[in-house]
């Protein structure tokens, strides 16, 4: 282990404690970053409420400030005010832009306001190929000239951007968001065919409409955007984070607890709640939130397939697989969105989980990965007692899954790489402790050994 790795904070989690109580679900990670970028389309101030205090937001704010944005973030009130009266730089540094995938979304605002953009190749979680070809092809259809050189994309639109009919080969969430943002100020009409329709995208449409954009959602996954000459500032309250809600709900069942999630929104969780009902798991929906109630009985097994909205969300697959290790029987999970999202299961097997990975499509949904030799199907046999282990987090959702596994495991687990968790979850450790979890954040010095911290 390197000195840097030793010095990084990590979690000590003693499993087996039922979680009880109430916590408030934060604003949506997958909405706040996109709306922050969309604010670059106008010189006027924009205000966002219910913003989550997460690493990805701070990174996106740094990205915007690098371009010239004036930012005020009231962390106590979860209130963000952002204004970009002028763009000072059209070049996104690799130091900031290379850490996640937000840089590609800045291209539309930069081309509209300055006629050029220069961005690094995208970063982000390593959960599959995640190419940006969809983005580049659509931007070219709208009039952008793109040159790739030295690990960067140089883009220009000297004649401005115009509307186009863009058919996505797959309902990509971020590509849909990119074209919504870009088309709002493009000349003429843009039609996005085979668009993604996730709740966060609908929330982005609401925000853009408040700014003055003209956007219509049609049947058959079509979105029509009529470009306008200018957009104004706007105020908007974000929807709650459905991924955080799902993770905490599963914690209730894994620990045989009882958790009320204030702010959890039924309309964004319909497929998840239906899956719980099919398994006989108890929950109660109220106007202000949802209560999730565990018991001593192991849930029955189930067959799951991830899909685009309104299907079972791919981000729910990892935490739900932890729950399936405690189900009574054989469950099947078929991942159809990302080709490499079962890497986290290797760590679960060291904890005692019985999990097998397969290249075959073990499901009914037509899958892009058929006969491509990707390990994208998973068979889980339970119920299996999990044992404590040292766990190293590879990405946000896998990291939350490791925490869930540690919460129901016997003994004390070390969870390293918690910076991934902080990118996407607001103060998750504090929320879990408020529910009774025996979770401690360890801040060792570079000289400390993790075993010394356990002593």
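The backbone N, Cα and C atoms fix where each Cβ goes, and this holds for glycine too.
Feature annotations, courtesy of TrEMBL:
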| type | residues | note |
| --- | --- | --- |
| ACT_SITE | 125 | active site, proton donor |
| BINDING | 29, 30 | phosphoenolpyruvate binding site |
| BINDING | 101, 315, 337 | UDP-N-acetyl-alpha-D-glucosamine binding site |
| DOMAIN | 14-432 | domain 'Enolpyruvate transferase' |
Predicted model, mean pLDDT over the domain 'Enolpyruvate transferase' (14-432): 95
Rounded Cα separation (Å) that holds between residue 101 (UDP-N-acetyl-alpha-D-glucosamine binding site) and residue 29 (phosphoenolpyruvate binding site): 13
Local backbone state of residue 101 (UDP-N-acetyl-alpha-D-glucosamine binding site), from DSSP in three classes: coil
Nearest-integer angstrom distance between the alpha carbons (Cα) of residue 29 (phosphoenolpyruvate binding site) and residue 315 (UDP-N-acetyl-alpha-D-glucosamine binding site): 12
Binding-site residues (29, 101), the one with most neighbouring Cβ atoms at 10 Å: 29
Diameter of the UDP-N-acetyl-alpha-D-glucosamine binding set by C-alpha atoms, the set being 101, 315, 337, in angstrom: 17
Cα-to-Cα gap, residue 30 (phosphoenolpyruvate binding site) vs residue 337 (UDP-N-acetyl-alpha-D-glucosamine binding site), nearest whole Å: 17
DSSP three-state assignment for residue 337 (UDP-N-acetyl-alpha-D-glucosamine binding site): coil
Count of other CB atoms lying within 10 Å of the CB belonging to residue 30 (phosphoenolpyruvate binding site): 22
Neighbour count (Cβ, 10 Å) for residue 315 (UDP-N-acetyl-alpha-D-glucosamine binding site): 23
Cβ neighbours within the same chain of residue 337 (UDP-N-acetyl-alpha-D-glucosamine binding site) - under 8 Å, at least six residues apart: 306, 307, 308, 314
